[in-house]
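Here is what TrEMBL says about this protein:
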REGION    1-26  region 'Disordered'
COMPBIAS  1-22  compositional bias 'Low complexity'
DOMAIN    56-200  domain 'Yip1'
TRANSMEM  73-90  transmembrane segment
TRANSMEM  97-117  transmembrane segment
TRANSMEM  129-149  transmembrane segment
TRANSMEM  156-179  transmembrane segment
TRANSMEM  185-202  transmembrane segment
């Protein structure tokens, strides 16, 4: 059977009162004051960057595992650029080697730490920690731009810097991944990685 259409009872130019138009909500929020800052949206926290930097500069300071477990690549990118810039002051254009060795070293440490730890770790966390611990190597490359490090004093300074970097990185890793009693096992591959950076700085 055909359904009968109900006749329209309203007027053509005057709509019925049942429809009350409401303002559509704005796509961008009620006001610009409610939006978060740009650095917060990008994940850049200067307080955490400063705390991580102080943790690397002070090897005996206890590392905060909650902060160190964050994936923050702002500081490591700045330190890699600073390391390449100080090498450039010594006449060494090694930006490609710095980024290439960093990528291979982070990949190797990522595989190793996932085999050693029970909780596992992300690739971004490994890259962040290794990048922050590159800071003492910038000091070595700054000395290499002024003095020659191929003597006995250069060997001693290079060994101290490598130990500083590897000790800081292993301390952060064991605090973030709850790997108590395995610091020497983590420090050894870190020392190999930073030893390659030291060779680039010295020679």
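All residue numbers here begin at 1 and follow the chain in the order shown.
Glycine too: its Cβ is placed from the backbone N, Cα and C atoms.
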Query = Hey, which bits of the same chain come close to the transmembrane segment (129-149), Cβ under 8 Å, at least six residues off its ends?
reply = 52-53, 55-57, 68, 73, 75-77, 79-80, 82-83, 86-87, 89-90, 102, 105-106, 109, 155, 157-158, 161, 164-166, 168-169, 172-173, 176, 190, 193-194, 197-198, 201-202
Query = Which residue counts does DSSP give the domain 'Yip1' (56-200) for helix, strand and coil?
reply = 110 helix, 0 strand, 35 coil
